[in-house]
């Protein structure tokens, strides 16, 4: 169950005492240190080698090295294995060491943050800063975000070091667990026990603002903090190509054993039939079975090139290069914050080209969390339309106006200044009905601390239009109305909650007039209006629908005048209800319901939750690429829906948007089934589940739920409570079926753990590549759970970025990351793998065919130095240049045709089938490359009549034909030629000819006779025309089928890549054309959906703003950072990214 709390097995209750270090240390609780690194200076070498030899290819080559130490078996010099093995191990070790150094650096940064700890009456600075604490006292006066209040008994300690030193309260609380929304504990002080709950604690990862200092008692440290308990286990992420490569390497082992077995059997037969004729010349005679046994292992050494040891290091180099492209991409650089894109891992690039599902946070990821007052409807007239050529409204007449406020409709200012009573009452309501706190650092410089950014936007709008909220006390609100200072007596605050969806204030004007001002969801307000407002309600409804259709967040405003005698009676009844011990909430709600009737409508507001730049266009592009986007947010349903419409994820044209918000498991199941049946009336009740096996030795069982066809466009919105039931084992497939039929899925009010579980559900049953993107600490578990984690470096700190695989500053950069870098990386990696296997299998098969002509004696067909240098020198750089620089189409066409992304999702470029085709292609090429030179050299003489049918001349011809053939194949695979491609390709061929003329020279032979036996072979063979004609013939025969197949495929069965490349070739200079900046066209339409209460509001702020404690100013400020485990610590908040 999602609600299951994870407790460590050894701890049932946490107990600690303030200022008693000896007692607290005796429990041996976890300290504050965070450790994410893998190695230290002593374990690096052994652990890294152990990890590397877990790779089959590395372990195999170590085994080969052991075989080569046996003289009877060794058929190649030791250096043919040692050189590539050492090179691969060293390069991988250097990369792993660099990565772990970065992890050490991050750990050191976190663990060395300074804190002042109260020890024996003195504040001492200590390191380490990763804790969860109970708030004892603070200087905070703000209501922004979530309010945290100390207990009254500890709040009286203030910032007195003496009082805090004498504080000896004992805390007993729950053990470390993953519940962010709940905390249970007690504080015992002077014989009295006080309850501790979620409002008294500060979580690791939270940010305090406008708070100069706070003291706290640390309860959980380091790995015990609730955030770390929610982070989930860090797993080593591997791409699908990595997993496929492991399976293929294992298959290659099997294939190698079969080839060696065939050649060993051939050797046994040959020894039995032909070897007996040479028995007289051998000291021990002929033992055919033993000879076959030795030959088997000799061929294991000779044919080792079929097992790609250099494959892994080449893959790492390619991934590193493509990671640098992401880091260097100026089009993903955000100059406002000086934030470039960063590939924080180098092992996942190609999987960016295979994403099928994106799971996104909302606040700070899709939105800027900045609200702007855009439009309003007052007394039946709509204001805020932007007309052509209309500039910003001039508010210079108002000395207290906010200079950052932007509005474009001058007519609204005019009616306000003319004294229109309805318009002035509208803004008076906005200036009075709220829980905002003002702060005036300098005369006339007002700063509002709002519990939600939308409430701040409304109060700021009233401020600019002449109704300036100036100050408040628990009993009064002071407003500057059109330049005149007016103080209203605050009689009551009727607080917001999720059921009421509205808030009200009752005030008495200086003239003694009693008025109730109310704002809330339009559906709620309209039910409580006086019947005389019916005509105005109809007009306002039209305006509300228009605002909602543009994705704006709307509220309705109303008021009523109250009779003083009734008010006196109501206040008495309110006091009785407020002090009742039983059913207090119900009694208060009934009183609120009674007085909030017969309201007179003033109008409505429309606030825009500003999206990040380019969000709707990015979502549209990704949708065209057949990527499904799910939004997982902790915000409430109405807020999430509004953003869904703003992003064009939810649209009025959709057939239906399903709302799943049931309170029991059966009701949730019924709602999911009803939605599914509406989408597929003729569909089957039971899901189609395909069971299969995957992984090495097919040990991993997988279940895949098939996609079901849907006619029309649907969306689903589900809240966290319903999601908890839907994610249960017996209902998760029903949830998955219904959700995957929808084009858009929005999960609201979800916990960090639920986010991760949704991701895991899709990974488990869809076998699709997932990406999670977020910007806050509550997104860490989701980011870790997905195949790819992307962190946005925004306003909520760096926790998401530190846990991510890739990071950047804006959501819109995601389309470039996937559609350009991801697609190119996937394409390049697949091309590399196909070509790599092609050249290695071709190389190995030539050895195999030669075995039938050398008596299966394990003699090599090529020169030993060619065998050593083939993969390391002659073919290494050309294929790397292909894998680093190749593009099928440029970035402009990648944006113009997002459908180019689809082949990656379907694994079309590299799969088991593609591997089999590559092996068959290699088999054909090897037949040509062996038998054409063999036939051309057989019984052949030179121009001077001398024979050139010797082994060395044949070896030189065969290896030269091989190198030329694979180089031509590389040229055919290259779509995007650069100077580097040309240099490496022609340079490698030039190096080959330079090397053979050097190594086959008299000087090298005389220097090391045993190592360089091919004396004079190059100059004697390469001056013959028939040798060059043979090279030409083999090259043509190798290439001809490939060219013919590709020509027919493009002609008869063109892919979208072929079509786009063909179209691009007909344009001039398109490489330099930038993709047009898509403009978001605001739809001129209305919406039939009723808008929800637009606030990210929480209950309890009415009591807060009317309490004297809330407004108490502390006499002095402190300066300090951070905290330490199990002791009282003081924290100074200066930087908004400071983490507690």
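Heads up, residue numbers simply count up from 1 along the chain you see.
In case you wondered, yes, glycine gets a Cβ from its N, Cα and C as well.
Sequence annotations record features per position, and here TrEMBL assigns active site, 4-aspartylphosphate intermediate to 361. Counting only same-chain residues at least 6 apart in sequence, those with a Cβ under 8 Å from the Cβ of residue 361 (active site, 4-aspartylphosphate intermediate) are 631, 632, 633, 773, 774, 775, 776, 778, 779, 782.
Per TrEMBL, Mg(2+) binding site is recorded for 361, 363, 775, 779.
Summarising the annotation, TrEMBL assigns ATP binding site to 361, 362, 363, 455, 496, 519, 553, 633, 634, 635, 749, 755, 778, 779.
Feature annotation from TrEMBL assigns domain 'P-type ATPase C-terminal' to 801-1055. Per-residue pLDDT, averaged along the domain 'P-type ATPase C-terminal' (801-1055), amounts to 88 for this model.
Sequence annotations record features per position, and here TrEMBL assigns transmembrane segment to 247-270 (among others). Residues 56-57, 60, 288-289, 291-293, 295-297, 299-300, 303-304, 306-308, 694-697, 837, 844, 848, 851-852, 855-858, 912, 915 of the same chain sit 6 or more residues outside the transmembrane segment (247-270) yet have a Cβ under 8 Å from a Cβ within it.
Per TrEMBL, the feature transmembrane segment maps to 290-313 (among others).
Sequence annotations record features per position, and here TrEMBL assigns transmembrane segment to 832-853 (among others). Counting same-chain residues at least six beyond the ends of the transmembrane segment (832-853), those with a Cβ under 8 angstroms from any Cβ of the stretch are 241, 245, 248, 259, 263, 266, 299, 302-303, 305-306, 308, 311, 314-315, 318, 859-862, 870-871, 875, 879, 882-883, 909-910, 914-915, 918-919, 921-923, 925-927, 929-931, 934, 958, 962, 965-966, 969-970, 973.
According to TrEMBL, the transmembrane segment annotation covers 865-885 (among others).
Here TrEMBL flags 914-934 (among others) as transmembrane segment.
The transmembrane segment annotation in TrEMBL covers 954-972 (among others).
What TrEMBL records for 984-1007 (among others) is transmembrane segment. Nonlocal intrachain contacts for the transmembrane segment (984-1007), taken as residues 6+ away from its ends with a CB within less than 8 angstroms of a stretch CB, comprise 863, 865-866, 869, 873-878, 880-881, 956, 960, 963-964, 967, 970-971, 1013-1019.
Listed by sequence, the residues of this chain that lie at least six past the ends of the transmembrane segment (1027-1048) yet keep a Cβ under 8 A from its Cβ atoms are 921, 924-925, 928-929, 932-933, 936-937, 957, 960-961, 964-965, 968-969, 972, 1021. Feature annotation from TrEMBL assigns transmembrane segment to 1027-1048 (among others).
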Just the number: how many Å between the Cα atoms of residue 634 (ATP binding site) and residue 363 (Mg(2+) binding site)?
9
Residue 553 (ATP binding site) has how many other Cβ neighbours within 10 Å of its own Cβ?
28
Length of the line joining the Cα atoms of residue 363 (Mg(2+) binding site) and residue 749 (ATP binding site), in Å:
12
When you measure from the Cβ of residue 779 (Mg(2+) binding site), how many other Cβ atoms are you left with inside 10 Å?
32
What same-chain residues lie close to the transmembrane segment (290-313): Cβ under 8 Å, and 6 or more beyond its ends?
55, 57-58, 60-61, 64, 67-68, 70, 72-76, 81, 84-85, 87-88, 91-92, 245, 249, 252-253, 255-257, 259-261, 263-265, 267-268, 271, 275, 833, 836-837, 840-841, 843-844, 847-848, 851, 856-858, 860, 867, 870-872, 876
Quickly jot the same-chain residues contacting the transmembrane segment (865-885) by Cβ under 8 Å, restricted to those at least six beyond its ends, or write none.
76, 79-80, 83-84, 87, 305, 310, 314, 317-318, 321-322, 828-829, 831-832, 835-836, 839-840, 843, 955, 959, 963, 966-967, 970, 973-974, 976, 978, 980-981, 984-985, 987-988, 991-992, 995-996, 999, 1012
Neighbouring C-beta atoms (10 Å sphere around the C-beta of residue 778 (ATP binding site))
26
